[in-house]
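Working notes for the structure below.
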Amino acid sequence: MKMLKSLSLIPRIVSPFQKCYSTDLISLVGVPRVKISKGQNRYLLVNIHTHGFTKYGRVIVRGADVDNHLAIFDSILEELEPEGICAKILGGGRILNEPDNKKIKIYGTSRTFGGADHTRTRNILQAWTTYKDFKITVKQ
């Protein structure tokens, strides 16, 4: 009888671990690290994490041809909030993406969110398979 009582506690013990290590953190892995458009774009460097797990974050790059960096942030929130993922802006700037010439230039700052670490942005882009062969220049 004691054995059955002990076994009944297993779901309560396993449930928190299952949630922490499967659903929430796996949803971070499903978020693409890079989404930028062709041509001249504004971009944001963003640290994303599951709500309550700020220690286990991931840095992503988002860029689009919009009027201001706030529009990019709004689209990031629309994409991530339904998944329970929080976003913290690390800074912004501009990206000139020339896929035909395999060149990318990263420069400038965001008036709204401040300057991003362009070297970190370059490293993320170079790690992404699409931009691995591109010549990426950084202007601080």
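Heads up, the Cβ atoms here are built off N, Cα and C, so glycines get one too.
Annotated features, as they stand in Swiss-Prot:
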BINDING   Arg42, Ser110, Arg111, Thr112  substrate binding site
ACT_SITE  His69  active site, proton acceptor
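Under a cutoff of 8 A between CB atoms, and with a sequence separation of 6+ in the same chain, the neighbours of Arg111 (substrate binding site) are Asn68, His69.
Cβ neighbour count within 10 Å across all protein chains ranks Ser110 highest among the binding-site residues Ser110, Thr112. Here the binding residues for substrate are Arg42, Ser110, Arg111, Thr112. Their largest Cα to Cα distance works out to 12 Å. In this structure, Thr112 (substrate binding site) belongs to neither helix nor strand by DSSP; it is coil. The Cβ of Arg42 (substrate binding site) lies under 8 Å from the Cβ of Gly63, Ala64, Asp65, Val66, Asn68, His69, Ile72, Gly92, Gly93, Arg94, Ile95, Ser110, each of which sits 6+ residues away along the same chain. Same-chain neighbours of the substrate site beyond Arg42, Ser110, Arg111, Thr112, judged by a C-beta within 8 angstroms of the site's C-beta center, are, in sequence order, Asn68, His69, Leu70, Gly92, Thr109, Phe113.
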